[in-house]
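What TrEMBL records for this protein:
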BINDING   His216, His276, His347, His556  Fe cation binding site
Amino acid sequence: MKPNPNYSADCCRIRVKYSSSRGMILYITKEMTVTRSVDNSLHELPNISPLVSSVEETPEPIPTTVKGTIPTWIHGSLLRNGPGKFEFGNQHYNHWFDGMALMHRFQIEDGQVMYRSRFLRSDSYKQNSERNRIIVSEFGTLALPDPCKNFFQRFLSRFEMIKPTDNASVNFVKYKGDYYVSTETNYMHRVDPDTLESKQKVDWSKFIAVNGATAHPHFDPDGTAYNMGNSYRNKGAFYNIIRVPPERDGPEDNLEGAKILCSIAPRDKSKPSYYHSFGMSENYVVFIEQPIKMDLFKIVTGRLRGKSLNEGVYWDPNQETTFHLIDKQTGKEMPVKYHAKALSTFHQINAFEQDGFLMLDMCCSDDGQAINNFLVQNLRQSGEALDEMYNTMSRPLPRRFVLPLNISSETPLEQNLNTRPDSTATAVFCTFEDLHGEDLKDYGGLEFPHINYARYNTKPYRYYYGCGFRHLVGDSLIKMDLESKKFKVWRQPDLYPSEPVFIPSPNAEKEDDGVILSVIITPVKDKSTFLLVLDAKTFEELGRAEVPVNIPYGFHGVFNSSA
């Protein structure tokens, strides 16, 4: 493989090492180059505490006020999930992720929109409500011992393991035609997508040997679902690739037929990596083992030490990031390990194979401490304290890693293995190609990425959408063109958009033929919360449906088409 004369990335020094017992481990280190320094710090950020405050549910559908035009070809519901209750009695949750799951439904028919919301009737919600105090521990909140117990009983309760919550507040996911709300423990809840009523609590561990699963599965065109989940055994932790078949054997079938496709041992089995999602191309699952670590000893002994789960999660900048590729057909992990500098990622944009390479696009930060920055007290700060919190956080930026697939013991040493003339990424201790221009940093980077998933997931694509983050939550919507690396923006003062969801138009021919849906919320009393509809091609507003109730800032959602 000869060096590419069109390669124009920064100077790199590459070393390749092959071990027959461990497979191939390839490294590329990137030498520092001088670039212009830009101060992207912000000051006088507005207070957003109403966005992370408790609200009442709206279980019966209510009409919205439509302004502009909502296309009449849109038939279906935008389903969203996120925290909606942050206290019980005089006890308050500490972390944004801890709030009780509040599900939302925006039903769109004939250019009109109806809204409803409902708290998930999880065991956590019901137990907390019955006692009007926090009974079940969450990610950042340790439930205190029952004051009604005697001293000896309260003392013994500190030696109990923290039980996993079923507060499924992260996303709506679909398995075998049914909708579930999911978090990252072993519990999901099957829900009615029309009424948002909770139908069944489902435990992953009853079907396969895992202790949890992500809220971001991927899907093949035939409906086969892939996910990842950890298992904790006598010999330590393992990462597991999960496959769920698309067919159902009967009306009560939910996760039957699920299997573990592959198990991967962490670098340190007592300190596995935390992951929120993973990548998938046509033939491979891509697991990113990042240096956000979970100290299992601290987590297991948390109740004894009076510490919540998040106290056992930490960022180790001295460790590398490792990319693992698993063949979806054979379930075998490729012997090649791809390494990069320490980075953190919550969401992938897309992954696809082309000309012997796997392109992995994802939103990355150079610091992994953000997960412990999203304490409720931080999100409710104001003034200089809020500015300081924001300005010390690393910005999430979209990046591409190019992973060569045809690697063997005969691969030449000391050269860049990325021979694609249209990419400046390097392989295989990988440096990245920025999927943006410098001006994206003026909008705080980009997260909550979304693409035209139905037609372009695992395929070469041109556009992606996301939220800009000039605050602790998204404050703009962005459409990025990968060919030009230029972008379009929707942004208005005091309005905070949710994750954009792309809906293709009927008979769409172009990749961006369709609309973007996003829920816009505001902390300002004289402004309304609304569902925004943008033309995905022009990024111009088509219409909005104003909702007469408050909605907190949420996490993720899906569009359930009724067409």
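Backbone N, Cα and C atoms are what each Cβ position is placed from, and that goes for glycine too.
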His216 (Fe cation binding site) CB neighbourhood, other CB atoms within 10 A: 20
Other CB atoms, at most 10 A from the CB of His276 (Fe cation binding site): 19
Remaining residues near the recorded Fe cation site, that is with C-beta within 8 Å of the centroid of the site residues His216, His276, His347, His556: Val170, Asn171, Thr214, Ala215, Ser277, Phe346, Phe555
